[in-house]
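These notes concern the structure reproduced below.
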Amino acid sequence: MSETAKKVIVGMSGGVDSSVSAWLLQQQGYQVEGLFMKNWEEDDGEEYCTAAADLADAQAVCDKLGIELHTVNFAAEYWDNVFELFLAEYKAGRTPNPDILCNKEIKFKAFLEFAAEDLGADYIATGHYVRRADVDGKSRLLRGLDSNKDQSYFLYTLSHEQIAQSLFPVGELEKPQVRKIAEDLGLVTAKKKDSTGICFIGERKFREFLGRYLPGQPGKIITVDGDEIGEHQGLMYHTLGQRKGLGIGGTKEGTEEPWYVVDKDVENNILVVAQGHEHPRLMSVGLIAQQLHWVDREPFTGTMRCTVKTRYRQTDIPCTVKALDDDRIEVIFDEPVAAVTPGQSAVFYNGEVCLGGGIIEQRLPLPV
């Protein structure tokens, strides 16, 4: 290894993607070390929390690859900058995306600073399925090569400066290739299933978890025609377009379409439902977004044509974006879209390039 080899700290989660990322960087000649972040303090004896197992897996991978593993506890930062905001959004009747907040506040802020200042890193690396490309002296965020696994939606808040300090080795690969590399290397994470759900809730019941921190306020479930047909246990447990867990059965005779949440009246604590997943009340012609983050950090003025995702794994929607002021934009879709949800993120693309995004403040309903 040459004296000038750049030092990279890989965020080791105990999963297959970060494991293979570390090996790929070794192959590319970097001086590689790992960092395991503990972001959540679980109660003793809670089986669902896999932090200890994840740390053991991360350590086993680092031992196998011959690299040092550092650990750091960001639980206080996580609580203050991610979790408190997550609860506040739910309390206001919106549906936040904590993974996006975690990337913004922890992985590409607290971790990036810790790696550079405390560990002397030139770069950090993560197992995200995204790519970076440097154009005109600025780093751009691109979709991952594996369109099925692309995670650019979760990283839209990053600036070109943060991307310039970050490496995404698996973004250039397809997921099956990543698993194959891990198997060939005999890594313990090769067959480990991908983590799902919100990191601090893990596999456990979301409703039960949320209820610990926010007491539910029961209220009426009303149809779009104004008929009361049931009771909800708290608006925060429901999101637009939701069908399961309403407790009102599919339909009266079982012949009609099932009920879907089409609106939340936060002021009166009423959940509004309608039948059919393409009910006009569920459709939006556009949205207003705020808290904007553009990757190039240039203020957006005027209008542009691009595509948008209003949730992860959604097909790109062609749209026109218009600046309303410094921090708000209006987005008009070419075709109406179902279940556009305030609190979630709208993320914009120009082909492979992720331009940035913002938080959906309100949806623009289909004119009745």
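Glycine is no exception: its Cβ is also placed from the backbone N, Cα and C atoms.
Pulled from Swiss-Prot:
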type	residues	note
ACT_SITE	C102	active site, nucleophile
ACT_SITE	C199	active site, cysteine persulfide intermediate
BINDING	G11, M12, S13, G14, G15, V16, D17, S18, M37, G127	ATP binding site
DISULFID	C102-C199	disulfide bond
SITE	H128	site 'Interaction with tRNA'
SITE	Q344	site 'Interaction with tRNA'
(request) Please compare the binding-site residues S13, G15, D17 by how many other CB atoms fall within 10 Å of each one's CB, and tell me which has the fewest. (result) G15
(message) As a test of the contact definition, list every same-chain residue at least 6 positions from C102 (active site, nucleophile) whose Cβ is closer than 8 Å to its Cβ.
(response) N39, Y78, V82, C199
(request) Determine, to the nearest whole angstrom, how far the Cα atom of H128 (site 'Interaction with tRNA') is from the Cα atom of M37 (ATP binding site). (result) 15
(message) Quiz question: given the recorded positions M37, C199, which has the greatest number of C-beta atoms lying within 10 angstroms of its own C-beta?
(response) M37
(request) Give the sequence-ordered list of residues that share a chain with G11 (ATP binding site), lie 6 or more positions from it, and have CB atoms under 8 Å from its CB. (result) S18, G34, L35, M37, K107, F111, I124, A125, T126, G127
(request) Provide, as an integer number of angstrom, the distance between the C-alpha atoms of D17 (ATP binding site) and Q344 (site 'Interaction with tRNA'). (result) 26
(message) Let's check the environment of Q344 (site 'Interaction with tRNA'): how many other CB atoms sit within 10 Å of its CB?
(response) 24
(request) Please report how many Å separate the Cα atom of G15 (ATP binding site) from that of Q344 (site 'Interaction with tRNA'), as a whole number. (result) 26
(message) Distance check, please: Cα of S13 (ATP binding site) against Cα of Q344 (site 'Interaction with tRNA'), rounded to an integer number of angstrom.
(response) 25
(request) Let me know the largest Cα to Cα distance in Å among the ATP-binding residues G11, M12, S13, G14, G15, V16, D17, S18, M37, G127, as an integer. (result) 16
(request) Have a look around H128 (site 'Interaction with tRNA') and count the other CB atoms within 10 A of its CB, chains all included. (result) 26
(message) When DSSP is mapped onto helix/strand/coil, what comes out for H128 (site 'Interaction with tRNA')?
(response) coil
